[in-house]
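Enquirer: Okay, these came from TrEMBL:
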type: SIGNAL; residues: 1-26; note: signal peptide
type: TRANSMEM; residues: 267-292; note: transmembrane segment
type: TRANSMEM; residues: 365-385; note: transmembrane segment
type: TRANSMEM; residues: 397-418; note: transmembrane segment
type: TRANSMEM; residues: 430-457; note: transmembrane segment
type: TRANSMEM; residues: 493-512; note: transmembrane segment
type: TRANSMEM; residues: 524-548; note: transmembrane segment
type: TRANSMEM; residues: 557-581; note: transmembrane segment
type: TRANSMEM; residues: 593-626; note: transmembrane segment
Amino acid sequence: MIGKQAAVNALWALGVLSSLLVATDSAKVKRVKAGMIYRPHDAVSIVVNKVGPFNNPTETYRYYSLPFCHEHSTEEEEMEALQEENVDLPGNISSEKRLGAQKHRQRLGESIVGDRRETSPYEISFGDSVEWRLLCKKLLRPQDIEKFKEAIHNNYFFEMFVEDLPMWGYIGDIDGEDMIIGETEGSGTYLFTHLHFLLGHNNNQIVAAKVTTDIDRKVDITDIHNEKHIQFSYSVEWYEEPNLTWKNRMSRYAESRFLPSSFEIHWLSIINSFVLVLLLTAFLTIILLRVLKNDFSRYMELDDDAMEEEESGWKLIHGDVFRFPQYPAIFCSAVGIGNQLIVLTLFHLCLALSGLISTTRRGSILAGVVVLYCLTSVVAGYTAIRLFRQMGGKNWVQCVILTAGMFPAPVVAVFLWVNSVAIAHGSTSALPFTSILTITALYIFLAFPLTVFGGILAKNYASPDFNAPTRTTKVAREIPTEVPWYRSRPFQVLIAGFLPFSAIYIELHYIFASMWGHQIYTLFGILLLAFILLIIVTSFITVALLYFQLAREDHRWWWAAFINGGMTGIFIYIYSFYYYFHRSGMSGVLQSSFYFGYMAVVSFAFFLMLGSAGFQFSLIFVKYIYSRVKCD
């Protein structure tokens, strides 16, 4: 009876919460649909999004956190201003009055990337160019002027949208300021009060959008102690864009002057990195095959008596090499999660290449990662429990729960920290409650059940036989302690991480510039090829290092192979420090928290992926070489 009442209460609470969320969402303005077919003089919506320091792309705030115009000027104010400016206003332009700062409905991906779209009071109509028009007259109090001045000194930019086409511009400019000392006598801070919208159309669709500021219409706000009457204005220029179709409307952003020009792709460097990977892989393959061929020939010719006199070699540890590792549940969970992340990455890159996941739609990449992680959870559950049972594990429930939480737990820990910092700063980077609830529901009702389902499949249908080619002895063989420095674990770990990292170093720079900058990464074909080659070269290097480990009679190879494979993830995190301090202009607590927090998550994901790949290639290798020689 108590359980039934608790269930009823839970359902009632869920219903109330759902009603509140629906009511909150219904209060928002319907999002502007992209690709509309316009008729002449139809109203065109300008959607404002956010502002923030250009060098800190994660540190963003609501557009109306700065005292911009919330309402359009009245007709009387417009007529008076037009006479002062000595310009005429076309009679067929839009006069539909709109309120600013009304929130738009958003997709999950847009919320994840920190978008907070709101309405603006700009009155623009399709095809109607306007030389000059008053937006509003505003009295800026000292605290308002101080907000603008601080934003300008921090190099703030703003972001707006026409449909799904982003536009960027700067809030203002500084003149005569010293880079080290700051403001000096004679320096000035200027606010841009006029925006010029440049809109291109083709077949009655908007295919290009750009906003510029007029440096001749700037206001000096150096003095923050007195009130100022500011006149905000705008102009609109429409032009025909016959060579740009709506489908290819995003192609122009690669040429945008607002974006840094250092994002040029150096094809020769990328080809060189791929050639390096192929040569390294071929080199390791040839060397390893020649050494193994000699080993097989030598071991086949030795009889049992001669084998006992053999001083060293990997065959001597045939009775220990398949001794299962310590902490098998943790090991199997790590392998399972690594397999899931590999499948997720390959699927995601293929979907991006095929166009099923739009790479130009805001937040679609991150939203795709969240959904695909949930859908591929069955892979983690199945592979982890299959390996766990082959190792003779009994408590499979504990292993499947560990698998379900091994990757989400650190992600949640990092998220709680960075989200708290974002909330404390009032940043739009703080994830809204509705988005948090959506992601939590996806995990509880999709990811976790699929992980358990994969574990059940493995328990009931996967073979529990490990099929080791040799028998494991009851007493472990003693491991030699004296080894040359170049065969020691620290040196192996260094080589295991450095060689694969050197192969992806060049491409990594462009990925970082896209993740932590204002770039749109589009070379997913190259990224897919680089990822596959990274897995291959990591696996080959792990196998080569494993051979040297077995040759020195060290049979504790399970965790060693996994860690060797995953060391590239550690090198990626080390590189992130170099990129932050020497290749970016990022600064501040908020940006640093997001950068180092989420780079730790990304590096951990690479550690699991490459560790899992390295171990599984190593397992195939070990089974192969020990099945080719005669062992008692």
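Yeah, the Cβs are placed from backbone N, Cα and C, and that goes for glycine too.
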Enquirer: In the same chain, which residue numbers or ranges, 6 or more beyond the ends of the transmembrane segment (365-385), come under 8 angstroms Cβ to Cβ?
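Expert: Apart from its flanks, the transmembrane segment (365-385) reaches 107-109, 112-113, 332-333, 335-337, 339-340, 343-344, 347-348, 351-352, 357, 359, 396, 399-400, 403-404, 439, 442-443, 446-448, 450-459, 462.
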Enquirer: Can you tell me which recorded stretch out of 397-418, 524-548, 557-581, 593-626 has the most Cβ pairs within less than 8 Å of the transmembrane segment (430-457)?
Expert: 397-418
Enquirer: Any contact between the transmembrane segment (397-418) and the transmembrane segment (593-626)? By contact I mean 3+ C-beta pairs closer than 8 Å, pairs at least 6 apart along the chain.
Expert: yes
